[in-house]
């Protein structure tokens with residue numbers, strides 16, 4: 001009920017013997033309270049809707065990526081289950097993720113339409129869009145190889161989310177570098193295949209994670225580090241619309257960034 005503020009304001013004015021102008025003042029104060037409460041309730045409703053859409057779209061697009069290679073195998077389903085495990089999805093949340101994954105596997109899944117809808121609810125929040133794309137890239141590389149059809153789907157996703165080809169290619173390099181810190185996958189030289197990371201991280205890997213060059217100065221590297229940490233701060237992302245279930249992945253990404261930065265500082269000798 002959006003009138004409680006006005007009712008209480010008028011009641012308090014009458015009890016205090018405020019007369020006509022006291023009632024008017026109580027009514028105005030109550031009106032301001034009702035408006036503030038209404039805006040807050042609308043924000044929470046929009047926030048829940050944004051988180052629900054982010055969650056559903058994430059797993060729908062995962063399903064679409066998997067189906068783009070052809071028939072969905074048991075291995076593909078196992079990989080999807082592993083990603084759900086990483087997000088600590090259980091019970092109703094896991095069932096919802098599985099249902100969304102199946103929706104994405106349909107032959108007529110409207111990818112471009114879904115991406116436009118997703119972009120519109122993000123309201124230009126690039127950190128949310130970036131997190132979504134990073135999750136999809138991880139899903140595409142999870143089986144150890146990047147199928148040409150998966151790459152084509154990723155390009156469509158990036159295009160509809162307003163990410164240029166150059167930005168997307170940089171994301172790929174950042175994910176490749178991050179694989180050395182997060183136990184993921186790395187790309188084989190000269191090809192599109194990715195394999196389980198076996199070597200330790202190098203300065204080049206760390207710089208790729210931060211999107212900088214080994215020759216960049218300390219100021220440039222620190223600026224890139226702070227920007228990435230701000231964009232991947234789990235609490236900030238959840239406040240902007242990231243589903244709480246995906247906070248763990250945001251934490252893991254932030255840890256990769258932190259580890260990469262520490263290695264760069266050690267290798268280049270700055271604090």
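Going from the start of the chain as shown, residues are counted 1 onward.
Placed from the backbone N, Cα and C atoms, the Cβ positions cover glycine too.
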Transmembrane segment per Swiss-Prot sits at which of 7-31, 32-56?
7-31
Averaged across the domain 'J' (205-271), what pLDDT does the model get? Just tell me the whole number, please.
88
How does the domain 'J' (205-271) divide up by DSSP, counting helix, then strand, then coil residues?
52 helix, 0 strand, 15 coil
